[in-house]
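Okay, structure first, notes after.
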Amino acid sequence: MGCGGSSGASDPSSEKINWNNAEIHDEFKQEQKKAGAKRKAFDKTTGKAVEKERTAADREFDFFEGADAGSGEQFMAVRPYEGAIVEPAQHNEPSKDAPDVTYDLEYVYGYRAEDSRMNCFYNKNGNVCYFTAALGVVLDQDKNTQKFFGGGQTDNTSKMVARDDMYHTNDITAMDMSNCRTLCATGQNGSVPVAFVWDAATGAKKGRYKLDKGGREVTAIAIDPKKKYVAICANDNDHQLYIFDIDKGTQVKKDKSGPDRIFHMAWSLKDGDSVVATAGEKHFAIWNLGADSFKKKKGIYGDKGKPTSHSCVCWDDAGNAYSGGANSSIYVWSGQNLTSTYDVHGKGFVGAIRWCDGKIISGGKDGQIIISNPADGKAEKTIDVGELVRSVDMKGGKIVAGLRNGTILEIDSKGTKKEIMKSHSDGEAWGLAVADKDTFVTSGDDNKIYVWDLKNRKSTALAEICNEDKNSKAGGASSLTEYAPSKCGRSVAVNVGGNGNVAVGHNDGRVTIRGGVKSIDKVTKTLTDSGEWIECMAYSPDGSMLAVGSHDNNIYIYSSADYSKLGTLKAHNSFIVSLDWSSDGTYIRSVCGAHELLFFTVEDFKQDPSGATNTVETTWHTNSAKYGWLVSGIFPAGTDGTHINHVDFSSSGSLIVTADDYGLVNVWRNPARAGATPVSLRGHSEHVVRTYFTQGESYILSIGGYDKTIMQWKKK
């Protein structure tokens with residue numbers, strides 16, 4: 001395999017490519033179709049899915065859309081819950097001061113693999129750097145501890161006005177590691193995207209770089225070998241390529257790359273070169289920063305290989321580029337000219353590629369990581385990982401791989417595989433329940449239920465939500481997942497006071513009962529009364545009953561002994577978003593999508609119209625209702641009832657934690673009355689859908705919907 005010139009024309013414009021005959025694998029086409037397609041967003045007032053443009057310039061309200069009838073001034077005028085707000089007989093003295101507590105981000109469970117690539121690397125110390133949500137993560141895989149770029153205490157503001165001068169405030173979408181493994185670069189989405197360069201060992205910020213308005217997101221980013229420049233590609237209509245001086249923070253060059261999306265980019269490793277290559281949809285090109293004009297030079301295929309899309313690219317020390325083709329082949333380039341191709345993957349597409357120690361290491365749709373010698377195009381080592389490979393890196397005989405299923409895998413020189421990170425990986429993740437002081441359970445739209453060990457910071461069990469494909473009886477949860485509604489779960493509950501069962505609410509309306517956290521894979525009962533998907537569930541304090549809140553507007557009550565249905569609570573005019581049991585198990589209060597706060601007597605399953613007054617002396621086993629006298633001050637100024645997604649009280653009753661649409665976890669004094677100030681914590685990039693104190697309030701747990709990330713906040 002030589003590196004001679006292409007037999008194609010020397011002028012790129014003279015090569016006419018018929019893209020209808022290009023060799024692009026069908027599954028790669030499907031991925032790109034999904035990336036550009038309209039997505040479903042959840043209207044939190046109607047509870048229905050609505051279509052939105054997936055590449056909206058600003059995603060402030062992307063996945064939770066407020067309906068006109070229930071938001072803004074109309075909401076403020078109507079407030080249907082207001083008549084149910086009564087001051088409780090016993091409460092703490094109100095204070096507007098922020099609570100005198102500090103919660104630090106200790107650990108996050110997440111890795112963005114759904115739509116990103118080449119985003120997981122070794123740093124100089126051998127630790128693994130990657131990203132999830134709005135965080136850059138440095139994982140010490142031996143100690144299982146993490147450091148972060150971003151995250152921590154922040155102002156209680158919308159993302160539209162949140163400060164983005166110090167860290168990311170929205171989804172990180174692209175990453176690179178410098179060739180010397182000391183710097184990381186990350187870029188985020190938003191109407192005016194920003195990117196950062198930060199220390200790969202400590203997470204300390206080194207520089208910030210702002211793109212033009214309308215950039216939508218950073219799709220690719222790369223640090224040059226000398227650590228002088230960072231190249232950044234936007235997802236605007238022209239897919240502009242920017243070059244910034246890392247130390248000065250100034251823009252050096254900018255040019256339009258064309259109409260097609262750029263997936264990845266890399267700088268030449270050859271001494272003296274200042275050349276960057278871009279790989280994308282129907283696109284391979286090089287850009288020479290040292291040339292008289294900074295202009296794109298399209299790849300020339302000639303007769304050396306079939307045109308295709310390219311998902312990733314790397315360079316060797318001699319100045320040859322290697323791109324991962326959408327047809328399973330690796331393309332070898334000298335400058336803009338294709339010199340040869342070789343195929344070691346055989347099928348699918350090449351999803352990741354890296355030049356390490358004189359070899360090409362690549363990963364593909366075929367679920368294989370392959371070390372190959374580009375000189376002869378032969379595979380020297382093949383490792384089967386059984387999943388689409390999104391990212392590969394190699395250092396000191398070890399390989400780290402990011403997989404599409406949300407797993408980060410480390411492989412030693414003997415081929416031994418170790419999962420160093422597991423995460424939810426498709427659609428959204430909503431389900432979160434605390435089982436005991438060290439154990440919690442999560443579920444998502446990826447057909448996964450996880451049991452987690454908080455103290456040891458790892459997953460202890462994983463089970464499928466369902467093994468059959470079933471659609472919803474009516475309606476349906478909004479999601480980008482490719483899994484059937486039966487395989488998606490938005491709600492989990494643990495019977496802490498009783499038999500230890502775990503209930504999982506599916507998006508097709510069914511509820512499955514699992515034996516417990518140690519037998520999460522064993523379904524002992526299936527409940528099918530609900531007509532739509534399940535958003536909330538709770539066991540009674542003594543564990544004798546299970547309440548299931550459905551999007552068919554009803555609450556179903558079951559005996560936890562045999563899960564026979566005891567009754568149905570019917571009074572709400574919209575889907576159920578939260579429910580709480582009284583400590584004695586005699587009352588249930590619930591909130592729905594129409595902002596109603598209602599009370600029911602469990603004995604006769606009837607609504608108590610005077611429930612607010614009749615329960616002023618009542619203590620509540622849980623406090624998830626976002627409307628009430630004790631939580632009247634939790635809504636940010638100018639927002640409506642849809643902006644708070646979950647509420648929990650600490651076991652001592654002194655603190656309140658809320659999850660909001662701005663990606664914030666907020667800690668308040670109890671009560672949180674008008675004018676109260678929270679301690680606000682940022683780390684999530686999208687709407688936080690659930691948050692809980694652990695027993696003794698030593699930790700706060702939170703889960704982000706679209707970012708699919710679980711965060712563990714430790715009290716200092």
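Quick reminder: no glycine exception, Cβ is built from N, Cα and C everywhere.
Summarising the annotation, Swiss-Prot assigns compositional bias 'Polar residues' to 8-21.
Sequence annotations record features per position, and here Swiss-Prot assigns compositional bias 'Basic and acidic residues' to 23-53.
According to Swiss-Prot, the feature region 'Disordered' maps to 1-53.
Only residues 6 or more beyond the boundaries of the repeat 'WD 1' (167-208), in the same chain, are considered here, and those with a CB under 8 A from a CB of the stretch are 57-59, 112, 115-116, 118-119, 121-125, 127, 129-136, 138, 147-151, 159, 214-223, 225, 227, 230, 232-235, 244, 246-247, 249, 266, 269, 393, 395, 663, 682, 685-686, 706-707. Residues annotated as repeat 'WD 1' in Swiss-Prot: 167-208.
Residues or ranges marked as repeat 'WD 2' in Swiss-Prot: 213-254. The list of residues near the repeat 'WD 2' (213-254) in space but at least 6 beyond its ends in sequence, with Cβ under 8 angstroms from a Cβ of it, reads 55-57, 171, 173-180, 182-183, 185-193, 195, 197, 206-207, 260-269, 274, 276, 278, 280, 287, 289, 294, 296.
The repeat 'WD 3' annotation in Swiss-Prot covers 257-297. The average pLDDT the prediction assigns to the repeat 'WD 3' (257-297) is 94.
Residues of the repeat 'WD 4' (305-343) grouped by DSSP class, helix first, strand second and coil last, total 0 helix, 23 strand, 16 coil. Among the features that Swiss-Prot reports, repeat 'WD 4' is placed at 305-343.
Taken from Swiss-Prot, the feature repeat 'WD 5' applies to 345-382.
The list of residues near the repeat 'WD 6' (424-462) in space but at least 6 beyond its ends in sequence, with Cβ under 8 angstroms from a Cβ of it, reads 63, 106-107, 109-111, 113-114, 144-145, 404-406, 477, 479-483, 487-494, 496, 502, 504-505, 507, 514, 517-518, 520-521, 535, 689-696, 698-699, 701-706, 708-710, 712. Taken from Swiss-Prot, the feature repeat 'WD 6' covers 424-462.
As a summary of secondary structure, the repeat 'WD 7' (529-568) carries 0 helix, 22 strand, 18 coil according to DSSP. Marked as repeat 'WD 7' by Swiss-Prot: 529-568.
Residues or ranges marked as repeat 'WD 8' by Swiss-Prot: 571-610.
Swiss-Prot lists 639-678 with the feature repeat 'WD 9'.
Look at Swiss-Prot and you will find 683-715 tagged as repeat 'WD 10'.
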